[in-house]
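As recorded in TrEMBL, the features of this protein are as follows:
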- 104: active site, nucleophile (ACT_SITE)
- 110: active site (ACT_SITE)
- 229: active site, proton donor (ACT_SITE)
- 1-20: compositional bias 'Low complexity' (COMPBIAS)
- 98-256: domain 'Phosphotyrosine protein phosphatase I' (DOMAIN)
- 1-32: region 'Disordered' (REGION)
């Protein structure tokens with residue numbers, strides 16, 4: 001509660017009449033113009049925390065205009081509110097690139113080619129900013145190596161540049177990628193086995209296994225169910241048995257993603 005001081009006024013000695021003197025300055029008015037406004041401060045409990053309400057009050061309107069609260073947050077609360085304000089809105093979150101991971105055995109033949117073919121198609125449609133594209137192997141025997149030279153040269157004849165560096169699949173891939181494509185059934189089973197093993201050691205999304213698909217499940221012109229490993233075959237295997245299947249599957253894959261995902265479009 002704020003106590004307001006009221007000063008008594010007296011008529012100047014030079015005037016005995018109660019009528020106002022038009023030439024005299026009202027001392028009360030003068031004081032009101034020069035006196036600093038009062039400040040009202042009250043504590044309230046809002047949602048379990050103490051909030052201080054502050055307001056400057058002019059004596060003239062103290063009772064006519066009740067004070068409006070000004071919330072004063074602590075430094076910790078201010079930091080928390082700033083963090084919440086910087087959190088991406090749902091619309092911003094939906095703009096996150098769609099992440100696709102291609103996986104084969106050693107990540108030197110089929111999955112690097114699949115990555116390159118898909119990347120080429122995405123580029124032709126001007127959708128580079130909409131996708132995150134990578135490849136990996138179920139084993140790490142070739143980690144750090146470039147793709148097989150036969151795969152590189154065969155792809156280059158079709159205008160496709162294979163530039164990936166081999167790496168094994170890792171637990172974070174199940175968090176970071178929206179779709180994981182296995183080249184054959186054995187790759188598919190190995191990926192799921194890795195998920196089962198890793199989920200006991202760290203937190204992985206329950207949706208992890210559902211992200212894994214067979215590459216050839218997207219083929220429209222070919223009936224093969226797997227992309228065969230060309231490593232022990234000749235040059236023809238890299239082209240007819242691998243690139244033909246990958247181009248078919250990647251075209252259909254891109255079409256399906258663009259059709260299903262609102263944030264993936266030109």
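Here the Cβ of each residue, glycine as well, is placed from N, Cα and C on the backbone.
Locations of recorded TrEMBL features on the structure.
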residue : record                    : DSSP class
104     : active site, nucleophile  : strand
110     : active site               : helix
229     : active site, proton donor : coil
For the domain 'Phosphotyrosine protein phosphatase I' (98-256), the mean pLDDT of the predicted model:
97
Nearest-integer angstrom distance between the alpha carbons (Cα) of the residue listed as 'active site' and residue 229 (active site, proton donor):
7
How many whole Å apart are the CA atoms of the residue listed as 'active site, proton donor' and residue 104 (active site, nucleophile)?
9
Taking the Cβ of residue 104 (active site, nucleophile) as centre, how many other Cβ atoms lie within 10 Å?
28
